[in-house]
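A.B. asks: Pasting a structure below so you can have a look.
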Amino acid sequence: MSLDLMQFYRKKDYSEPEVENYEYYGWGMEIFFVFLMSVIVFQVMIPISLYISMELVRVGQAYFMIRDDRMFDKSSNSRFQCRALNINEDLGQIKYVFSDKTGTLTENKMEFQCASIGGIDYSNGKDSTDDGQADYLVQADGMVLRPKMKVKVDSELLNSSKRKHTDEGRHIHDFFVALAACNTIVPLTIDTSDPSVKLIEYQGESPDEQALVYAAAAYGFMLIERSSGHIVIEIQGERQRFNVLGLHEFDSDRKRMSVILGCPDKTVKVFVKGADTSMFGVIDKSSNVNIVKATKAHLHSYSSKGLRTLVIGTRELSTSEFEQWQSSYESASTALMGRAALLRKVANNVENHLNILGASGIVDKLQEGVPEAIESLRMAGIKVWVLTGDKQETAISIGYSSKLLTSKMTQIVINNNSKESCRKSLEDALLLCKKLTTVSHATRGGPMSEVSQLALIIDGTSLVYILDTELEEQLFELASKCAVVLCCRVAPLQKAGIVALIKNRTEDMTCHW
């Protein structure tokens, strides 16, 4: 009887003179109805108006971010774009920032800076005027053609390039022919206000290739025409046609590209350009000892200045070598299965025993405000990781200029060629971290000291032996103790693996640039 009178349990309705039982729907439905009643009763604790208020606050924050004059880009005349209302909350939770270098930290506007050709460094006689390219033009069908972009030239190299019958002149000739031909650039003519003058614009996927072709044009090796079967280069006032017999495009495994040309003198040559780590393995060092040694020294100097470097090589193919390559190339090009692997194998077979021509140095300037932005991120306790395909010296130089690295940081460099050496380097680095932690607590009584100033520098070769192995856990442990991580010579697939290294082991929010 007492249960019949208790609220939620009573079955009788006393609101009417005649007492009757409530409709009873069973335990399941009764529980459901009780739940709905509790939602209605307790909704005043988190009212709907609060949700609306929060959304209005987010809209206001987004408006202030969009209208912030300090986030206005004058070069593109564009403001900050807010595509999600919770962006302000997400930005406040970021612990890791992963950034590429080219086009992110830098402007992605490449400019040819210097060259080492035949063991001679042409980087000290840079003219301060643009006369070298402004005066160079080509007469074609009654029209005057000149490059759209101007490149500052080295007067010594410009004069040496005109001495065609010396060993130095032949080296320079082949070097600039390689720059003009070993690429996928397409030359386009653009009208100007003067109907008798047209500009040549070089369009391509890679800004590096564009910079090299513009540099070749500035020194008198102007690419005029390109088709699937031939290219035309204006060389010191003489128009020459080269037959393009084959092109092996750049890939992240070989780290180089090559073109096989039928030259006007009826010879067949292969021109190759690529990263120094891959090129010096296919250079014939026995006949180029002094040039190789000098070029390596110049490359180190260029990299220390933060320049992007490429090594250029060539060799002449005999009739039998060319026929063998042509047969293999045609078979690989028409293969239905595993075409990329077959073409890579053909390229590796022909890209060997090369004579080194030289190396190029290209500058890619930092974007405005990058050093200040990175310094602010580090002061906020956000860990910045930069992943780049450049050389270690180039990456370190850019790291200092962007304030990613400082002189107060303790640098841990892992640059190994075997799994066991990588294991030892990781173990030694972790021991160093523990020692610094001990010193930190003993001297300052807190964890915020030298440990927060650790910088890890690791190259792509070492990551080959670390990623997807049991060493990943040690790398994560080490990297999580470092304020800065700089990965150099990494392939695109390795960049994805490095990001996954963090995202799979922590719930911290990350930002990818």
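Using the three backbone atoms N, Cα and C, a Cβ is placed for every residue, glycine included.
In TrEMBL, annotation is done automatically, which means it is predicted and not curated.
Residues or ranges marked as active site, 4-aspartylphosphate intermediate by TrEMBL: ASP100. According to TrEMBL, the Mg(2+) binding site annotation covers ASP100, THR102. The annotation ATP binding site is assigned in TrEMBL to ASP100, LYS101, THR102, GLU209, PHE250, LYS273, ARG308, THR388, GLY389, ASP390, ARG489, LYS495. The transmembrane segment annotation in TrEMBL covers 31-52.
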A.B. asks: Name the residues of the same chain, 6+ apart in sequence, whose Cβ is under 8 Å from the Cβ of ARG308 (ATP binding site)?
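C.D. replies: In sequence order, MET110, ASP208, GLY361, ILE362, VAL363, ASP364, ASP390, THR394 meet the Cβ cut-off.
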A.B. asks: Nearest to THR102 (Mg(2+) binding site) in three-dimensional space, by Cα, is which of the binding-site residues PHE250, GLY389, ARG489?
C.D. replies: GLY389
A.B. asks: Within 10 Å of the residue listed as 'active site, 4-aspartylphosphate intermediate', Cα to Cα, which of the binding-site residues PHE250, GLY389, ARG489 are there?
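C.D. replies: Those close enough are GLY389.
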A.B. asks: For GLY389 (ATP binding site), which residues of its chain lie six or more apart in sequence with Cβ-Cβ distance below 8 Å?
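C.D. replies: Listed in sequence order: THR102, ALA275, GLY460, CYS488, ARG489, VAL490, ALA491.
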A.B. asks: Would you work out the biggest C-alpha to C-alpha distance among ASP100, LYS101, THR102, GLU209, PHE250, LYS273, ARG308, THR388, GLY389, ASP390, ARG489, LYS495, the residues that bind ATP according to the record, and give it in angstrom as a whole number?
C.D. replies: 23
A.B. asks: Do any residues at least six apart in sequence from PHE250 (ATP binding site), in the same chain, have a Cβ closer than 8 Å to its Cβ, and if so which, in order?
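C.D. replies: When sequence neighbours closer than 6 are ignored, PHE250 (ATP binding site) has ARG256, MET257, GLY274 within Cβ distance under 8 Å.
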